Amino acid sequence: MRVTVVGAGVVGLTVAHELAAAGHAVRVLADADAQASTSGAAAALWFPHGVPHTPQVLASAAATYRRLVDLARDPATGVRVRAGTVLSRRPDPDRSWTSAVPEHRVLGPGEAPAGASGVRCTVPLAVTGTYLAWLQEQVRRRGVALERRAVGSLAEVEGADAVVVAGGVRSPALLGDDRTTVPVRGQVARLANPGLTEWVTDDDNPDGLTYVVPRDGDVVCGGTGDVGAWDRSVDPAVEDAVLRRVRALVPALADRPVLSRAVGLRPGRPDVRLEPVEGHGRPVVACYGHGGAGFTLSWGDAGRVVRLLEGA
Ligand SMILES: Cc1cc2nc3c(=O)[nH]c(=O)nc-3n(C[C@H](O)[C@H](O)[C@H](O)COP(=O)(O)OP(=O)(O)OC[C@H]3O[C@@H](n4cnc5c(N)ncnc54)[C@H](O)[C@@H]3O)c2cc1C
């Protein structure tokens, strides 16, 4: 099949990779590359954040976990496997995600901050600059054409037997049948790494969403999750608050300078949309709405897209 993928974020590129690997002739259309999209702003830690933990999501997360761990064997991919801690402040935390993680253990008394419980586990993460560039190169090597262009409507997409819509938060504008997708704005500051390797997430921190994800030379510090906010400019007051929270959680970050900053719009949705969409005159598959888990679900969902199209 000649398949056009709209979107060159982590989802679109991974879908293009798997379609090309399955022998299809693939083209990607996008008006921004991965690094300039939401994907470039991500902490890119494996964790199904901001999506319901349905059996399908957990299966995709597990498949992606395995693929990323495999990729981490080559450091040039930008994928690292690191230990860290998922903190929770709820009396009955959802730990269904641990089914996908071979190495994990619940923290004992006194191991978590006061008022929190936690799970220590080992998961993959992607150094986004390196990983997204690597992924783009792999896609090119498989013969995929990457074209920089805005797509105003699916009718404009010529020369394709099938289309995959992987446009993140802007996907509904192309499909016209979804009023449930909203931006969930996330702002991060990347601090010079004082030598940390362990990550920590504290989603229910009473002062606000807090996470610390050390990569190679820097540490991604977040975060925010502002539902309905489209503004992609960095807010200095938000950054100050984020830095206060992460420094309280990880004192080693106290005097580390900010190396860079980013804002991304997570594609928020009640559930990931991965399904055929009728009414466009040819097979169209929607693959978006990955919330805070686009990296976490990418390989598993890309495999599903291939199976859906081949069954169409
Ligand atoms: C601060 C932050 C932290 C995060 N941390 C994590 C994490 O730790 N782990 C994790 O798994 N996920 C994380 N995420 C979520 C993750 O970044 C997203 O789920 C993911 O990037 C979505 O990828 P995508 O490819 O669907 O969309 P995007 O990256 O937004 O890419 C969309 C693509 O579609 C193109 N496009 C859209 N509409 C059109 C059009 N009409 N014409 C042409 N091109 C179009 C854009 O140009 C772009 O190429 C985080 C997000 C943020 C903001």
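Cβ atoms here come from the backbone N, Cα and C positions, even for glycine.
Small disclaimer: the values here were computed from a predicted structure and weren't measured.
According to TrEMBL, the feature FAD binding site maps to Thr38, Ser39, Ala43, Ala44, Leu45, Val151, Gly291, Gly292, Ala293, Gly294, Phe295, Thr296. Summarising the annotation, TrEMBL assigns D-dopa binding site to Tyr211, Arg266, Gly292. The annotation domain 'FAD dependent oxidoreductase' is assigned in TrEMBL to 2-305.
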Here the binding-site residues are Gly291, Gly292; the one whose Cβ sees the most other Cβ atoms within 10 Å is Gly292
Within 10 Å of Arg266 (D-dopa binding site), Cα to Cα, which of the binding-site residues Ala43, Leu45, Phe295 are there?
-> none
Where the record names Thr38, Ser39, Ala43, Ala44, Leu45, Val151, Gly291, Gly292, Ala293, Gly294, Phe295, Thr296 as binding FAD, the maximum Cα to Cα distance in Å | 30
Cα distance (Å, whole number) from Tyr211 (D-dopa binding site) to Ala293 (FAD binding site) = 14
What DSSP gives for Leu45 (FAD binding site), in three states, is strand
For Ala43 (FAD binding site), what is the tally of other C-beta atoms lying within 10 angstroms of its C-beta?
-> 27
Please classify the secondary structure at Phe295 (FAD binding site) using three-state DSSP.
-> helix
Which of the three DSSP-derived classes (helix, strand, coil) applies to Tyr211 (D-dopa binding site)?
-> strand
